[in-house]
Structure formats: C-alpha cells, structure tokens
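K.L.:
Quick one: this structure, given as structure tokens, is what I'll be asking you about.
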Amino acid sequence: MATFKDACFHYRKITKLNRELLRIGANSVWTSVQSNKIKGWCVECCQLTELTYCSGCSLAHVCQLCITNKRCFLDSQPHLLKLRTFESPITKEKLQCVINLYDKLFPINNTIINKFKKSTRQRKCRNGLNETWYNQLLLPITLNAAVFKFKTRTVYVFGFYEGSVSVENLPYRIINCIDIYDRLLLDQINFERMNSLPVSLQSIYAQKYFRVSRIPSMKLRQIYYSDFTKQNLITKYRTKSRIVHRNISKINWNTEIELHNTLTHNKNKILEILSTSIERQFLVHDINLGRVKADMFELGHQCKPNYVSSNHWQPASKISVCKWCNIKYAFKDMDWRMESMYNELMSFIQACYKSNTNVDHCSSIESIYPIIRNVYWHSTTNYIDETLNKLFSMMNPVCIDSQSVINFHCQIDLSLYLHIKMILEMEVLPFILNVNQFKDIIKGIMNQWCNFSKLSELPLCIESTTTLLELEKQGKLSEEYDLLISDSDDD
C-alpha cells in the first residue's frame, strides 16, 4: 500500500524538478491535524487513510499530513497535484499527458535501480530485492482518477489509488479511464517499464498493475452542500463567509495540455514559477442554493406555526416568553436574512389567517400548522405552488365572480406593508386577495434577499483560482451587505 507516497519520497532525490514536485505532506515531519473519521484516498499522496477537509475547496480529500502543504487541485500553482488534475471532457491526448508525467517523474531503468540499491544496502537484511525496501519501484502507470462531479463541470485527479473502502461519505468516486486511452497500449507501456526490474519484483509489479488497472468505474456522485465543511465558515455581521486558501502562480495556462507541454519542453520555467508562487487567503461569501435549502429545512423544523393564531404584535423571531411561539434560540447562528424573511412571512400568514378565521390564541391546535412547515420545506422545490394552494384553501376562501378570494384587513407593520405594495405593484393594498396575489406575496417575501432561480448550487470555493481572482477584481467575492458597512465613524 501507499506505493505512490513511497515513490514520491524516494524519487524526489533524482532530479531538481522531482525535488520540487514530489515534496508532499505525507513524507514530512509535520504533526498531523485532527481526523474527521472519513476514510478514503488522499488525492495528493494517494494513500488510503483518514481524511480531513481541504483548506482550498472545503471538501474531504486530503490526509492529515498532506493538509499541512495547503495544496488543492483547484490551485493555479503547477505542483504535482495540479499536474495530475484535468477537467472533462477527458481525451486520449490528456491521458497521454498523465502517462508522460509518470514516466518523467518516476522512471524505471538500470541507473535508477542501482541508485536505490546503494541507498538501501545498509544492513544484510536489506540486500534482498523485496517489496519492503523497493516499493517505490513498483509504481505502475494506471489511468484511474478520483472524480469530483460539480453541478457545471467534472474534475479528474489521476493517481495510483490502491485498496478498497466504502465510498459513501467521500465527495469523489474512482473512475477507470483505460478504455478511453487503449487497454493494450497501456499494457505494453507497463510491460516495457517493468523489463528493467529484477525478476523477483516483476511479478509483484504485474500483480499491482492488473489489480488496479482492471477495476470497474464507480457511478459518479453529485457533490452537495452537505459535503463541505463548516469549520472554515466565519460569522460576521450575522452573515456567513468562507475562508479559502489557494496557491497562485504568476502565469496561467489556458489548458492542461499547454501546462504539460511547458513541463516537457521548458522545465526551468516550471521551477521558476514554483519558486515564485504565493499562497493567498480569500474570504468568499457562502450564498448558494445548497445552503439556502439547508437553512430552510432547519427553519421548517424550528418554526412555530402557532404564531399565526396568536395576538402577538412583536415579530415572530422576537417572541421569548410564550411557550407556543418561542423560536428566539433558533436564530442564534442563522443568517439575518432568514430571520427577516421568517418575520415577514409569519406576519403575513398571521394577518391572512386572522382575517378569515375565528382563532385568537396561540395555544389552539389548527390544521394549518403542518402546511406552514411545508411552505419552508418546499420553498426551493417544484412543490411550492401546490403547497401554497393548500395554504390558501385553509384561509376559508369564498368565490366571487368565479374567483376564490380571502379577506386581508388585519394590521401589519410598515415594512411589510411597503414590501407587499412593491410586490403587487400597487399604490394601495387591496382588502381581498386572490390566490395568485397570495402566492406572489409569499414568493416575493422568500425571494427578497436572494432569487432562488439565480443562485449557484454550490459554494464559491469550488471555483478555480483564476475565477476567484476575477471575482475579487469585480468586487463579487463579498456580499453586498458587507460592502455597506464602514469601519469609519465619519462615514
């Protein structure tokens, strides 16, 4: 196991390029970070171990030792992990770049074998050519990749992933790209590669190659918001932002093939870029549909529908002494926009319900309560219209001129009054509402701070480093609300 890690350790002394590219955290002396009890393959050193969350993309794909390097496959710095990363579609030309990379960094010839013999002959027990001391020579060239399937794109990180483990909690899946290249041609490349090995190691090399190169591809899995860590989220002005670390180089390549051509024909340029690259910290907003869905789901569980039957004049989130309506604790760590939306939505439903029914205390048990929870749970789904129709029917609508309408005459606060006027585009609010107006008001309240249809599915931390730099120049990394707050007392 951990053949790739061992190869990185021993081959790093071969050339100057290897010394820079093969310096991975798993071979360092740094103290490991706390485990998150997720077992899988570290995409940097390829060993099967306990993983932790990457500081660059917030996904669990790096081991407790490699995390010290703070490298991510989304970096722009041409380190080893970046060189093994390709975006879809995968072509034969890209796979040839992977093969050439392995052949350049991990060659097997008589010179290399003799070099390793000299470095390991320290005692008599090391004279034999066995797997224990020469594991670095047993690295076959395979075309397996850890695949991250984002909403808009798919990223392949190639490596030698040995062993098996449950992938249920992993954000990636292992895919075998051998058939995209050429199965027989890859076999020939590995047979020629192992010819220089001693006979005792050739059989072990062949077993490793065929065992890993013939594994079937796993079914790809879409990455969801729940796959991202919350450890790098910070709360500021009751908004959440995510800390992202990226390694940035002065030069960017348009395609992965251009990067590999530079490595092949001008390795000194790669060495220069590696020595001048810098690490940058970005503070990106965390507004995305995945987080909104999670917050809405939590709000549906925590909400107190009894408020719509009450005579409380305070906003729904400020009730603290009523045991049927108290939800104040639920907004301790929740975004301020969720609290604002909750207050307006509950106040509007309360006004409609009190205008059309005979209830006057929050302790009463009403059949409308489960539907109010469903409004939050279905707010980002296609079932929202059906749920709002059910909610409207609970208001005891009457038919006037073949149209169902409800009364709307209870007192509401000024901010909600102005907001409803803006949604309906009216100068004066009507005293009756039809079903379409009722649905438009609720959807307008929910979409007040962010339009669900225009939100990205996943956080900004999955974007490439180049994209983050462009968004930073445009001022789109931070939330607009943050930009309105000044640290100066004079502003």
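FYI, residue positions are counted from 1 along the chain as it appears here.
Quick reminder: no glycine exception, Cβ is built from N, Cα and C everywhere.
From Swiss-Prot, here are the annotated features:
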type	residues	note
REGION	1-81	region 'RNA-binding'
REGION	42-79	region 'Zinc-binding domain'
REGION	82-176	region 'Important for cytoskeleton localization'
REGION	318-491	region 'Interaction with host IRF3'
MOTIF	483-486	motif 'pLxIS motif'
K.L.:
Over the span of the region 'RNA-binding' (1-81), how high is the average pLDDT in this prediction?
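P.N.:
Summing pLDDT over the region 'RNA-binding' (1-81) and dividing by its length gives 83.
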K.L.:
Which residues of the same chain, at least 6 past either end of the region 'Zinc-binding domain' (42-79), have a Cβ under 8 Å from a Cβ in it?
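P.N.:
For the region 'Zinc-binding domain' (42-79), the sequence-distant neighbours (Cβ-Cβ under 8 Å, at least 6 residues beyond its ends) are 1-5, 8, 21, 23-28, 30, 32-36, 85, 146, 148, 155, 157, 159-163, 165, 169-172, 223, 227-229, 231-232, 242-249, 252, 259, 262-263, 270, 273-274, 277, 279, 459, 461-466.
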K.L.:
Provide the three-state DSSP residue tally for the region 'Zinc-binding domain' (42-79): helix first, then strand, then coil.
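P.N.:
Grouping H, G, I as helix and E, B as strand yields 4 helix, 10 strand, 24 coil.
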K.L.:
Could you give the number of helix, strand and coil residues in the region 'Important for cytoskeleton localization' (82-176) as assigned by DSSP?
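P.N.:
Per-class counts: 34 helix, 18 strand, 43 coil.
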